[in-house]
Amino acid sequence: MISMACSQSSPVTENPPLSLFETCESMYHLKQIHSRTIKTGIICNPIIQNKILSFCCSRESGDMCYARQLFDTIPEPSVFSWNIMFKGYSRIACPKLGVSLYLEMLERKVKPDCYTYPFLFKGFTRSVALQFGRELHCHVVKYRLDSNVFAHNALINMYSLCGLIDMARGIFNMSCKSDAVTWNAMISGYNRIKKYDEARKLFDMMEEKGILPTSVTCVSVLSACSKLKDLECGKRVQKYLRNGVVEVNLKVENALIDMYAACGEMNVALGIFENMKNRDVISWTAIVTGFVNTGQVDAARKYFHKMPERDHVSWTAMIDGYLRLNYYKEALMLFREMQTSKIKPDEFTMVSILTACAQLGALELGEWIRTYIDKNKVKNDTFVGNALIDMYFKCGNVEKALSIFNTLPQRDKFTWTAMVVGLAINGCGEEALNMFSQMLKASVTPDEVTYVGVLSACTHTGMVDEGKKFFASMTARHGIEPNVAHYGCMVDLLGKAGHLKEAHEIIKNMPMKPNSIVWGALLGACRIHKDAEMAERAVEQILDLEPNNGAVYVLQCNIYAACNKWDKLRELRRVMMDRGIKKTPGCSLIEMNGIVHEFVAGQMVSFVLAMGSITSSLVASLGVDAPLTQSSFNYLALALIYGSILLYRRQKLQVSWYWYLLLGVVDVQGNYLVNKAYQFSSITSVTLLDCWTVAWVIALTWFFLGTRYTLWQLIGAAICVLGLGLVLLSDAGVGGGGGSKPILGDFLVIAGTIFFALSNVGEEFCVKKKGRVEVVTMLGVYGFLVSAVELSIVELKSLEAIAWSKDILLAIAGYTVSMFLFYSLAPFVLKVKSPLVV
């Protein structure tokens, strides 16, 4: 094309002026100019060729495909033209195409110059640099460009990108003509691999040699100072800005804010921020992050909401701030706000949210995050995989954590550590130790956290000797000095095995001061082995560290009770009363429709059950004999509301339909029998006898779920059953009873509790293995269908005989609302507690 145009060239006066390229702003305009140059023959001029190539390769509106088409028509492109193409491929992040073109350049016997390699290396990713870097370095030497400062700087950048910082430093040390750019490349290289101390030392050397820094130097060194919290070095950098040696720009000001904020000097950081002429989203994010890091969450929130624009980095910074302060619910709420703002989160946001889910045990939201990552093609690398593993383990889903681990294409030290620790905290001690063995076979070096998991696994399996060996091998084999956490694990291991004196000796010989967690491990062991004397020593030490720790007093009370030291128990309780120390009630966190709620365990369930009992008794007192109809409205509400959520998620059923049908049949019979009982017995008798469910649940979970209960729990259940026997005697006439046929009503309740126990245990099994929304939905669907079939057989005549009134409708509505709340709460309580609670 170009050769034909050159042979038919027109006079120069007919050619379009070069100034047209200066005003060109789009490919459409460029193509018109290109067409004109072909017609006039000026396209054969290398200057024109390079002008067109430069536009395609350098501009955001450029087109590399068009550039390549033009380039391929040039008979003998100059090295300048080749370099333009390399620059273009770097700009669009296609380094392999650049390398391919470079090899073509060598085949055509074109010799590279000192600019070729900087343009070529600029777009390299780490994998490409590792693949081609060394070979291209040989070419630099081959073409005698190794003494050129541009090539030197490019090689330093390339090797630091690979993580081969020693190679980069070797080239840097051999450089005879190093300039500020060379020093910047080396400092940035150390920052890239998080060797901030080395970056700071290099800056010191730079000052000693009298090389003046540039704005790029200042940004890099301030970044290192921020990570090191080196305020003195940061102030030295700022002197160059105040003296006018380095021109202040937006990037430098942002780096200054970040440095002062990281060093805790928020007043200085805020002063710089307020005096800035121009601010970008990075400026705002830096000041928000600074407030978060210093614990000033209200100020952080204030500036976050004042931001004129927010990107995913600023949202993630604020979410991370909440996580750092353990405000996990607030982090999840902010993520929901981020979604409504149409800002697309990245992998770092996802990891932050997964961390919040892990801490709150919000498994369903964690599952949604995983689906979101897949659907929206968020970068799902080892970093995200590790967070998913951690989330599943902390939510108690070992199977899915193992599934993620097995599907990860790459595993790093943190992946293996997450597996070892996760298996250990879920009581899978042998599996954790086996995972640790696999980790060592894979030549992955463990760290301090890994050994915490290993020692915890030994505690769960009771492997005292192996735990001692692992504790010793930390230093001998891997050079890891034990910290407080490791000593705490050893105390826990020895204490639970009954070696209380040895555990106490370990505490006394610790090279650092033991914290309350270490003493707490010993105290917990004292409770197991009923050693009140050792417990008193542990309590004394804990209270020295945490004088208002009420849990310690409660634990010591339990130890005194177990050891039959009733005098000491009464004395301790008096001390607690005098000091105003109270036991903090246990709270549970539940997740409803992806929102995490906190409530005092059992209280909400007890309240809605009481409301259900009152309204059911009221329905019976109004002469309504339709217990199946009464329950069917609740099942219908569950099916419609939770079914809508399930349909929206488009999830397939994880449990076969016939299991849900069986669960529905059992639950309907339980409700029928108990509601029927209100027609024959008093509300007091029905409510009390409903506690027979406890005895049935203990029996069923013991045989079918393998749950084991302590002797005291069994004795407590036996006393409960004995007390309920007295209720039966009372209703039989010993002490009088309420209702028309109290004995019949009582036996209906007891029969109903058997079905309720079956329903509760079945529901517990489902919610701890599958999705809770699915379980509630399908229970509602099949509960309604079974109720509809049964009432059509046994209740049609009763329904026709009812004289419907406003009071009846309100009573049934109240019962429906109460039962809907109970059925909504029950799965979440079962997830964190047991069927005994419900």
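Quick reminder: no glycine exception, Cβ is built from N, Cα and C everywhere.
The repeat 'PPR' annotation in TrEMBL covers 78-112 (among others). DSSP assignment over the repeat 'PPR' (78-112) gives 26 helix, 0 strand, 9 coil.
Taken from TrEMBL, the feature repeat 'PPR' applies to 179-213 (among others). Sorting the repeat 'PPR' (179-213) by DSSP state (H, G, I as helix; E, B as strand; all else coil) yields 26 helix, 0 strand, 9 coil.
Summed and averaged per residue, pLDDT over the repeat 'PPR' (280-310) gives 89. The repeat 'PPR' feature in TrEMBL is assigned to 280-310 (among others).
Annotation comment: TrEMBL describes 311-345 (among others) as repeat 'PPR'. For the repeat 'PPR' (311-345), same-chain residues at least 6 beyond its ends with a Cβ under 8 Å from one of its own Cβ atoms are 281-282, 284-285, 288-289, 291-293, 295, 297, 300-301, 304, 352-353, 355-357, 359-360, 362, 365, 376, 378, 595-596, 598.
Non-local neighbours of the repeat 'PPR' (412-446) in the same chain are 382, 385-386, 389-390, 392-394, 396, 398, 401, 405, 452-454, 456-461, 463, 466, 478, 480; each lies 6+ residues outside the stretch with a CB under 8 Å from one of its CB atoms. What TrEMBL records for 412-446 (among others) is repeat 'PPR'.
Residues annotated as repeat 'PPR' in TrEMBL: 447-482 (among others). According to DSSP, the repeat 'PPR' (447-482) comprises 29 helix, 0 strand, 7 coil.
Within its own chain, the transmembrane segment (632-651) is flanked in space by residues 593, 664, 668, 771, 773-774, 776-777, 779-781, 783-784, 787-788, 791, 812, 815-816, 819-820, 823-824, which lie at least six positions past its ends and keep a Cβ under 8 Å from the stretch. Look at TrEMBL and you will find 632-651 (among others) tagged as transmembrane segment.
Residues or ranges marked as transmembrane segment by TrEMBL: 657-674 (among others).
Sequence annotations record features per position, and here TrEMBL assigns transmembrane segment to 686-705 (among others).
The transmembrane segment annotation in TrEMBL covers 711-730 (among others).
Annotation comment: TrEMBL describes 742-759 (among others) as transmembrane segment.
Summarising the annotation, TrEMBL assigns transmembrane segment to 779-796 (among others). Here the transmembrane segment (779-796) has Cβ contacts under 8 Å with residues 626, 628-629, 631-632, 634-640, 642-643, 660-661, 663-665, 667-668, 672, 763, 823 of the same chain, all six or more residues outside its ends.
Among the features that TrEMBL reports, transmembrane segment is placed at 808-830 (among others).
Long-range contacts of the repeat 'PPR' (280-310) within its own chain (CB-CB distance under 8 A, at least 6 residues past either end) are made by residues 250, 253-254, 257-258, 260-262, 264, 266, 269-270, 273, 317-318, 320-322, 324-325, 327, 341, 343. If one looks beyond the repeat 'PPR' (78-112) by at least 6 residues along the same chain, the residues whose Cβ comes under 8 Å of a Cβ in the stretch are 46, 49-50, 53-54, 56-58, 62, 64, 67-68, 71, 119-120, 122-125, 128, 132, 136, 139, 143, 145.
Each residue of the repeat 'PPR' (280-310) gets a DSSP state, and the totals for helix, strand and coil are 23 helix, 0 strand, 8 coil. Secondary structure of the repeat 'PPR' (412-446) per DSSP (helix as H, G, I; strand as E, B; remaining residues coil): 26 helix, 0 strand, 9 coil.
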